[in-house]
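Q: From TrEMBL, here are the annotated features:
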- A:21-39: transmembrane segment (TRANSMEM)
- A:59-78: transmembrane segment (TRANSMEM)
- A:85-102: transmembrane segment (TRANSMEM)
- A:108-126: transmembrane segment (TRANSMEM)
- A:133-157: transmembrane segment (TRANSMEM)
- A:212-231: transmembrane segment (TRANSMEM)
């Protein structure tokens with residue numbers, strides 16, 4: 001076969017090769033994002049995502065969306081501007097959460113025997129779906145960053161509340177009041193995670209009394225906008241094909 | 001030559017397979033906590049644990065045991081370690097093999113961090129409930145912010161039974177009794193399954209159609225707008241609106257189901273009750289101290305003055321949880337861990353009773369393999385090579401007095 005000849009001999013064969021190529025790329029992309037995003041999120045979100053007694057109204061709400069909007073923005077940049085596929089955020093978050101569930105179930109529970117009800121991952125999927133739809137409808141990075149980034153931050157806490165609320169029921173324990181989540185953290189001994197490491201309920205957002213979570217969510221949404229821009233540009237830069245000779249990006 | 005190379009390659013591959021297979025059959029349990037790796041000066045000059053007691057050596061699942069005792073927050077706390085102004089009473093165990101059912105300092109429950117004062121003695125107790133069967137090394141432990149974990153002595157404890165029988169009943173302030181081991185687990189699985197299903201549906205909607213090659217061709221040729229149809233946009237709207245409706249509805253339903261919730265509790269406990277040791281009437285001055293490397297022995301020249309009204313004898317030197325005893329004066333009856341107990345490890349050049357008002361200079365030798373086994377001899381390589389420890393004196397009535405010592409340590413290599 002000469003260099004000018006096609007590798008396929010019919011349209012049907014071309015379609016079949018194209019689909020095979022789709023699945024190969026999808027599998028590679030999915031696993032690469034799973035690994036990279038998982039490491040990134042564990043390093044930046046870390047304990048806030050690991051333990052229920054870290055999932056508070058202030059810092060968890062603030063930190064988790066900000067550090068997790070990164071890969072969705074970057075993968076969106078690649079899949080949308082190159083392929084018009086509005087699944088970058090959802091694909092990234094599904095990959096992350098599958099990786100997290102494997103880790104929590106196999107390692108946290110299967111290896112070190114922490115009950116799953118103390119170490120399940122945060123739910124990031126509602127924000128990711130909305131982020132993808134806004135990009136598809138608006139076809140604008142700016143609109144997605146501003147509206148989608150804000151929505152991503154705002155949806156995080158209510159999207160997790162049905163899972164976390166039962167663990168915020170109070171309990172009296174030996175003369176002290178704590179939540180069931182606090183009690184989990186106290187009961188299930190973590191030798192390397194002493195109580196003072198826990199960064200919860202710290203900060204100066206006292207103006208709104210007990211209604212701290214909405215303020216934190218708005219703040220998280222605003223910062224998520226900036227992080228979205230930044231990582232969207234990272235994604236576009238990585239999706240360039242300048243390194244291929246004679247190919248215009 | 002090529003044949004030889006091929007054979008070497010094949011044999012190497014076979015050897016690798018054999019090694020990997022063999023490794024699968026020998027996988028010893030990692031049960032240490034790194035206590036021997038912690039810098040010796042940290043263990044000798046920060047928290048001195050004493051009067052420790054492990055209430056049981058064998059516990060069935062669901063049964064409880066305690067670790068209790070006292071600890072002295074050493075007054076000569078090293079400058080290279082942050083002061084214990086924010087500390088947490090912990091236990092050194094390999095994960096939640098026990099649950100910590102309670103922990104107290106001076107009778108106060110300490111689920112949170114505490115502030116400790118230098119030079120003070122505190123009484124503590126940790127109540128543990130057995131969860132996972134096995135042989136576990138159970139340590140007392142103090143985490144210090146800026147100082148790290150300071151691990152105390154450990155003892156092997158066996159948990160018997162089956163973990164599947166473990167229960168952790170808790171009654172909430174709303175009057176519901178739950179098993180914290182499995183509480184709300186179905187709820188966690190349910191909501192994650194719901195959102196995964198929605199997300200997969202969105203992904204499936206797009207990946208069921210040709211993706212990368214034809215779409216890239218379309219985008220490259222300026223036909224990107226044809227790739228998103230009006231129908232796609234409607235489906236997208238349904239997903240976005242549906243997502244927000246589900247989030248809002250589930251949050252509302254949750255608030256109705258759990259009307260009473262409180263924020264996570266956090267804070268520092270100050271003013272912990274200290275334990276008042278009997279006033280010591282013995283004073284000790286360390287004239288010099290050397291560690292003889294070949295002999296695995298520490299020698300101290302002490303000038304001891306008895307200011308009390310009854311004769312006393314030196315019976316124990318305790319440092320980093322290792323206890324060196326003079327059996328003529330004191331014998332351990334607490335089943336202290338063997339590897340940390342040198343029952344005949346303390347010799348005093350003249351250990352006859354020191355009469356009231358008498359001052360005597362004596363040579364004290366603390367020798368045992370524990371110096372090497374517990375890597376206390378590595379003190380000479382630490383950034384602050386001073387030793388410290390507790391000396392215990394007894395009078396003829398069995399009354400005990402505790403004196404702390406703290407002095408430079410000079411190594412002797414010959």
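A Cβ is built for glycine as well, from the same backbone N, Cα and C atoms used for every other residue.
The structure displayed is predicted, hence computed values, not measured ones.
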Q: Check for me, if you would, whether the transmembrane segment (A:212-231) reaches the transmembrane segment (A:108-126) - at least 3 Cβ pairs under 8 Å, residues 6 or more apart in sequence.
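A: In this chain the transmembrane segment (A:212-231) does not contact the transmembrane segment (A:108-126) - fewer than 3 Cβ pairs sit under 8 Å.
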Q: Does the transmembrane segment (A:21-39) come close to the transmembrane segment (A:133-157), meaning at least 3 CB pairs under 8 Å for residues 6 or more apart?
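A: Counting Cβ pairs under 8 Å (6 or more apart in sequence), the transmembrane segment (A:133-157) does not reach the transmembrane segment (A:21-39), since there are fewer than 3.
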Q: Among the recorded stretches A:59-78, A:85-102, A:108-126, which has the greatest number of Cβ pairs closer than 8 Å to the transmembrane segment (A:21-39)?
A: A:85-102
